[in-house]
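Below is one structure, written out as structure tokens; comments come after it.
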Amino acid sequence: MAKKVAVIGAGVSGLISLKCCVDEGLEPTCFERTEDIGGVWRFKENVEDGRASIYQSVVTNTSKEMSCFSDFPMPEDFPNFLHNSKLLEYFRIFAKKFDLLKYIQFQTTVLSVRKCPDFSSSGQWKVVTQSNGKEQNAVFDAVMVCSGHHILPHIPLKSFPGIERFKGQYFHSRQYKHPDGFEGKRILVIGMGNSGSDIAVELSKNAAQVFISTRHGTWVMSRISEDGYPWDAVFHTRFRSMLRNVLPRTAVKWMIEQQMNRWFNHENYGLEPQNKYIMKEPVLNDDVPSRLLCGAIKVKSTVKELTETSAIFEDGTVEENIDVIIFATGYSFSFPFLEDSLVKVENNMVSLYKYIFPAHLDKSTLACIGLIQPLGSIFPTAELQARWVTRVFKGLCSLPSERTMMMDIIKRNEKRIDLFGESQSQTLQTNYVDYLDELALEIGAKPDFCSLLFKDPKLAVRLYFGPCNSYQYRLVGPGQWEGARNAILTQKQRILKPLKTRALKDSSNFSVSFLLKILGLLAVVVAFFCQLQWS
């Protein structure tokens, strides 16, 4: 059984991994290369090598009730979508509540993680770190890699002939912090993911003109969904997930297309994906269509060539006098402290069992946490990964044979390509609810709906038709939390609480309003029949 566990990184995945280690009675030590927790969500004015970077205005794309850890709801007065500083505040509250800071060695860089000579029998690792210029060695029974995958910028300059002639400024979106200094400029943003769209919208408020280039187009969703509820609280239900799994693919694609076009017609805005039958991750942005309507942003096709001052696009159009090019072209990822044979990265892909475990190790004592991109919140996903991993380390859960794991990796990759395509940005993509259930099943934390229908039908209905959030995985099994049921039944109140900033009359007036509507309808019917009688 693993006892001493090295956790690399004190971002979201690192913090929840620490807690899961403590919950299972393991002895974690976390190595964080910077001076504080939070990882990518801790904004800093300057870009730092080896550290994820965000712009000052970043707001979460997943809502608080769908993003909180399973036994620690966010404060009810927190907004539904959080500015990065507010999310960091939650992580600080979380770390303090569970006393996690004492396990973290700050300003400590992991230089290497190597198998011990007797690894085949012990499963142990030699971890070399550096702090204040001094190297230290330590042996650990297991390692959790939580270093993230938004550190190494991907800038495919060879795909942009003429970039060497371009006289303006160009840089990766990782270096963008705020709109200051870009006033009155003509700006080209290459790439229309979440970051590219956010940056284009923000710059368009004061720039002379913003262009955004997209190779394949994209669906754009608002954070606001039916009846004003957060999109993910509506989209991610077990019922809807079941429909997407059992209906024919063509029907599912048609439904998704109709849903995406309900807000605005993507074809009219030049955004409709070329292959709209691939379930590409949509962009979450509330302002893109508005800025397009205002002409502040213009959608362009793929850049064919760049000159000293202009951009030539594949459709033959040319935009002159470009001052700035921002490459919002995503990230590559690597693990420089690991031997290539441990977690091999090829074409921005890794072969890991359930996106977590290398399949070829004699002992399953190395795991990657958070190296995934679900169509939902990463926080509950990383938590379930860590809960399973720590139980594997402890010997309470076991993995199948190497052959079985490799077959799963191959089939999972084929399914991913079939659903999401082969783009580099989609290599870590997976279905949200299905993946959470898969992990929960491994540790015995998936709720039994048939049983609940008889024992607690009210809760069963909420689980199936309501938001599929992390509390569901604390109802049963190891780590069961007595507050889980109440958290599920009261989540609507926490969603609405931060919106109740203006005193209104009691909501019971709704019933009076409804009654008046019924009476009005009856009056219309009576008037109609009276008219027939007199005619």
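From the backbone N, Cα and C atoms, a Cβ is placed for every residue, glycine too.
For the FAD site that Swiss-Prot gives as G9, A10, G11, V12, S13, V40, W41, N61, T62, the extra residue drawn from E32, E48 is E32. Cα distances from G196 (NADP(+) binding site) to the binding-site residues G9, S13, V40, N61 are smallest for N61. Those residues noted as binding NADP(+) (T60, N61, S195, G196, S197, D198) have their most widely separated CA atoms at a distance of 15 Å.
Of all the Cβ atoms in the protein chains shown, 29 others lie within 10 Å of the Cβ of S13 (FAD binding site).
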